[in-house]
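**Q** The compositional bias 'Low complexity' feature in TrEMBL is assigned to B:562-582. The domain 'TMC' feature in TrEMBL is assigned to B:327-437. The region 'Disordered' annotation in TrEMBL covers B:561-603. Positions annotated as transmembrane segment by TrEMBL: B:20-45, B:111-133, B:204-228, B:281-300, B:336-356, B:393-418, B:439-462, B:508-529.
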Amino acid sequence: MGSSTSHLSKELLTEYQELTFLTKQEILLAHKRFSDLLPQESRNMEDSLRVRVSTEQILTLPELKANPFRERICRVFSTAPERDSLSFEDFLDLFSVFSDAATPEIKSHYAFRIFDFDDDGTLNKEDLKQLVNCLTGEGQDTQLSTTEMKQLIENILEESDIDRDGTINLSEFQHVISRSPDFTSSFKIVL
Amino acid sequence: MLQRPKARLFGTGIQSYFTFLRFLMVLNLLTFLLTSSLVLLPLAWLHSPEPGPALNTSYHCPTSREPQPDLSRIHLHLWDVFTGRALSNTYLFYGSYRMGPESDSQYSVRLAYLLSPLTCLLLCFCGTVRRMVKGLLHKRLLSRDYRPRLSSKVFVSWDFCIRSREAATIKQHSISNEFKIELQEEQRTLQMQQQTRKQRARQLLSYVGLNMIIGLLVVGGISAIYWATKFSQNYKDESLSLLLQYMSPGVISLVNNLGPLLFGFLVQLENYPPNTEINLTLFWCVVLKLSSLGMFLFSLRQQAVLCSGRSDHSSCEPHGYNQCDQCWENSVGQELYKLSIFDFFLMLAFAFLITLPRRLLVDHLSGQFWVWLGREEFLVPKNVLDIVAGQTITWMGLFYCPLLPLLTSIFIFFTFYVKKYTLLRNCRPSPRLFQASSATFFFQLVLLLGLLVASVPLLYVISSIPSSVNCGLFSNYSAPWQVVPEAMALRLSPSAQKVFYYFGSNTFWYPILILLSLTLTVCLSQSGANKRAIKGLRRQLLWQVREKWHLVEDLSRLLQESGGSDSWGPESPSSRSSRPRSFCPGFPCPGSPRSRSFMDPGK
């Protein structure tokens, strides 16, 4: 690694620190981890800020490997037209939202987007079904039966859908989240 | 110094257990600091007489039969340390504090000694209540309307910090279990609502019967403790055998370990929903634990009180209590000290002699039995109850054994690391998740109950029971509380005394009580009004949304009629068709440029 690769410039670092919830050390660590995913020839400073890393590579990170929502996370934070690759700034965004310092509003906003599997802006029954399947896993013995799933989704809608339109929108989601004090501590990924 | 263990495998509920341990250790250290700075330091500063039992000054007593223990020759026999005998002449126990008469010195050590346990208990009470109130918003006692049970479980339960595949699988299993249990319970509730009156009466009867049986078991366990204490106190000085000295702590631990097993077994015989089973078992365990400690203290005091404060001490001779030689506060302090030590060593024994071999056997042997046995589960409620019982013992002993908090904090320090080791190496996660927020509330509640169980006897002793004539600071008073009026008479001007008497009299407290009741009534009615307002607002929201969709339907119908093309407007949810992508109510649409302002931290 040449001298141009090791450190981000001070101005850039300060700018990133102001725009995200991360500290300087966390930004530097994120940059290092991002560069490790890049091919050898792009690991210099200018390229690392420009080049995108494909989702498959991001999914090899140990922090995301075991997460059932990993594909959704990559998709939500990606700014590429095909939503299949992340630039360094997307990467920083990801860890900023999942950091300790992020506010609960930001976290719940992004949690909503991650759980919205069909990207239509609300959580309908299909979204909830996929969400529950992610939570319970793929095994035969852990998956809920059809009746149980139906009962569960009806209960969720009964509890959270205040305006009774059959879907959960962002405000209703945030209302539910505000009643759970454990959310901020569980919606966290630390590098 | 103390790091939180990375116990993500086991859930956030267990992390809160370790946080709770740390909180208790800090509490004990602060208590010790308060006591030592108020009592020990002034004693050392004022060059008071060396700690030791007072000489026989009362004319009731003949010269003592037993030789006084030589102060310079401390018993280094390990056994004496464990029974507290070796330390009975040190500042650890009540009996060795001595002080000249009140009028001699500026600083009243007696007052400090009396008030420091009370202050510590009051501060602990305030600290615990404050922590409880913080979690009050989210506790489970909220009604269904305000407590989205399943939704919050679905949206919040995944822990994004999990990194290993194995931990993820375990978490998925526990989440799936939890959903299934909740759904089962709901089915059960629906079924129960459809029962006939006769069936419901029968259910209620069996519920009451079960509780009565368990109550009888609890009473039986407690009486066993009473008799064991009485027995061991009777033969206290005669022999130093292991069995008799540690008999009462042994019986207490036996009762407290068998009890929950029995309760769990009995409760499972009836077919209750899982949450009810767990809550019932937990409730009776808490009752058993705290009442066994209360009964232990009560039987100790009965032995002591019956024999001191009586003019004819001949009736106490058979029991081994000679009024002139004995210091009943010391013996109570010694019993509590022994109980504390015993609990700690029992915890060590369980960790290293039961859990560790079990893990070794399960891992290295194969066979149906070992597979079925499995590693031990780390049960958070049981561990919390043990810790709270230890803390209750410490609080009970604040008056008799002022340095007990220091000992307890050392014990908690070692307990932290032993439990961490046991958890991470020898245990498996329990299939039932224990959420952090409800866990904290439960811990604080049980702690508060323990505080109550410890304070009531203390207040009773301080205000009514005469101390021994032979030892300690309060030997010349009818009750330790009498120091306070005397100190006030000595040090305060008459007008200041009048003010204090006013604060203690009825004319002050009755108006305060009336004021508090008024405030409570106002708060309750306000909360009722708020609930009604919330209901009304929810209805309004519903109507407004329905009205909105009604208008949209009207609009699209009108446009259809006027435009003639097929409808491009959105469909309302009642027509059950999917919404087109161009309408995303209340949400920045995907595909719109990602605005930087979202990432702006609070500008």
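Even glycines carry a Cβ here, placed using N, Cα and C.
All annotation found in TrEMBL is predicted automatically rather than curated by experts.
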**Q** Under a criterion of three or more Cβ pairs within a distance under 8 Å and sequence separation of at least 6, are the transmembrane segment (B:281-300) and the transmembrane segment (B:111-133) in contact?
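**A** The transmembrane segment (B:111-133) and the transmembrane segment (B:281-300): touching, no.
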**Q** Given a Cβ distance threshold of under 8 angstroms, which distant residues of the chain, six or more beyond its ends, lie next to the transmembrane segment (B:204-228)?
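**A** That would be 247-248, 250-252, 255, 258-259, 262-263, 266-267, 270, 280, 284, 287-288, 291-292, 295-296, 298-299.
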**Q** Can you name the far-off residues of the same chain, 6+ from the ends of the transmembrane segment (B:336-356), with a Cβ under 8 Å from a Cβ of it?
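**A** Those are 82-84, 92-93, 245-246, 248-250, 252-253, 296-297, 376, 386, 389-390, 393-394, 396-397, 400-401, 404, 407-408, 411, 414-415, 418-419, 421-422, 426-427, in sequence order.
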**Q** Of the listed stretches (B:111-133, B:393-418, B:439-462), which one yields the highest count of Cβ-Cβ distances below 8 Å with the transmembrane segment (B:20-45)?
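**A** Out of the listed stretches, B:393-418 contacts the transmembrane segment (B:20-45) most.
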**Q** For the domain 'TMC' (B:327-437), what does DSSP give as the number of helix, strand and coil residues?
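**A** Summed by class, the stretch gives 85 helix, 4 strand, 22 coil.
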**Q** Please work out the mean pLDDT for the residues of the domain 'TMC' (B:327-437).
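**A** That region's mean pLDDT is 85.
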